[in-house]
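Undergrad: Have a look at this one.
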């Protein structure tokens with residue numbers, strides 16, 4: 001097969017590991033900078049062009065769309081889909097998961113546990129918003145933030161009111177969440193491919209920081225997840241419509257709670273922490289799906 005890896009960063013560990021996994025299974029891997037793609041959108045033969053050449057002959061793509069280019073990245077993935085190319089994560093699911101509020105609403109609809117979350121637009125609703133999530137301490141998140149950036153822990157009601165008011169004054173979209181104190185600055189990252197959790201690790205934030213992101217200095221360690229956590233992680237990915245995703249889970253006194261579903265999860269941290277390859281299952285899943293599509297076409301023909 002010819003597999004395209006949509007990534008702006010060919011030198012990244014994640015990109016290199018995906019290339020290696022494709023090649024080790026006998027496939028041709030092509031790294032494509034998403035932002036360098038341009039499209040011919042028409043009703044007869046839609047196409048994608050790259051560095052002056054039309055991109056043809058691809059069986060599948062693995063989107064690694066950075067949050068900062070979600071709109072353009074999803075357009076490129078959608079164009080590949082229009083050309084009949086299988087996408088490991090499709091454009092609709094990527095866009096769905098990138099909208100943090102929409103993602104939580106989808107989880108809510110499926111009855112999947114999550115921290116109590118509030119969303120408002122008017123400053124005069126702030127006191128009720130704070131009470132809605134159980135009061136201070138609470139977590140305030142920019143909807144556009146990634147990798148722990150734009151996440152604030154407000155220890156008191158006064159601090160919470162000040163931060164929320166400041167964000168709203170800047171016309172920033174924010175959500176307010178209950179603070180799960182018992183998680184103690186840690187979470188569980190589950191790496192899901194299809195309907196399986198292929199690897200999981202516990203991430204612990206640095207001393208004095210409630211955020212556990214490895215990019216912010218957190219550390220990871222192997223962890224054994226419970227059957228409930230495993231089932232919840234897979235259900236959360238399915239709720240988004242994704243195939244490959246990282247699911248962040250908080251362990252609370254009322255059971256596991258989904259914090260976030262990431263459509264382009266980091267690979268380096270979880271592979272080096274667990275010693276498990278998460279890239280091979282991705283390629284194996286693509287092989288299965290592309291073969292099934294070809295078989296269906298043959299039957300129809």
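Cβ atoms here come from the backbone N, Cα and C positions, even for glycine.
Pulled these from Swiss-Prot:
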type	residues	note
BINDING	141, 178, 179, 187, 211, 212, 213	ATP binding site
BINDING	248, 260	Mg(2+) 1 binding site
BINDING	248, 260	Mn(2+) 1 binding site
BINDING	260, 262	Mn(2+) 2 binding site
BINDING	260, 262	Mg(2+) 2 binding site
DOMAIN	104-287	domain 'ATP-grasp'
Undergrad: So what sits near residue 141 (ATP binding site) in its own chain, CB-to-CB under 8 Å and at least six residues off in sequence?
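TA: Set apart from residue 141 (ATP binding site) by at least 6 residues yet with Cβ under 8 Å, we have 100, 150, 151, 152, 174, 175, 176, 177.
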Undergrad: Can you tell me how far the Cα of residue 260 (Mg(2+) 1 binding site) sits from the Cα of residue 187 (ATP binding site), in Å?
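TA: Distance between the two Cα atoms comes out at 11 Å.
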Undergrad: Given a separation of at least six residues and a C-beta threshold under 8 Å, show me what packs close to residue 178 (ATP binding site) in the same chain.
TA: 115, 116, 117, 133, 134, 138, 139
Undergrad: Determine the Cβ neighbour count for residue 187 (ATP binding site): the number of other Cβ atoms within 10 Å of its Cβ.
TA: 24
Undergrad: Is any of the binding-site residues 179, 187, 262 within 10 Å of residue 248 (Mg(2+) 1 binding site) (Cα-Cα), and if so, which, in sequence order?
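TA: For residue 248 (Mg(2+) 1 binding site), the binding-site residues whose Cα atoms are within 10 Å come to 187, 262.
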Undergrad: I'm checking region-level scores; what's the whole-number mean pLDDT for the domain 'ATP-grasp' (104-287)?
TA: 91
Undergrad: Mind giving me a neighbour count for residue 248 (Mg(2+) 1 binding site)? Other Cβ atoms within 10 Å of its Cβ, every protein chain shown.
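TA: Here the count is 20.
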Undergrad: What's the CA-CA gap between residue 262 (Mn(2+) 2 binding site) and residue 187 (ATP binding site) in angstrom, rounded?
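TA: Residue 262 (Mn(2+) 2 binding site) and residue 187 (ATP binding site) have their Cα atoms 14 Å apart.
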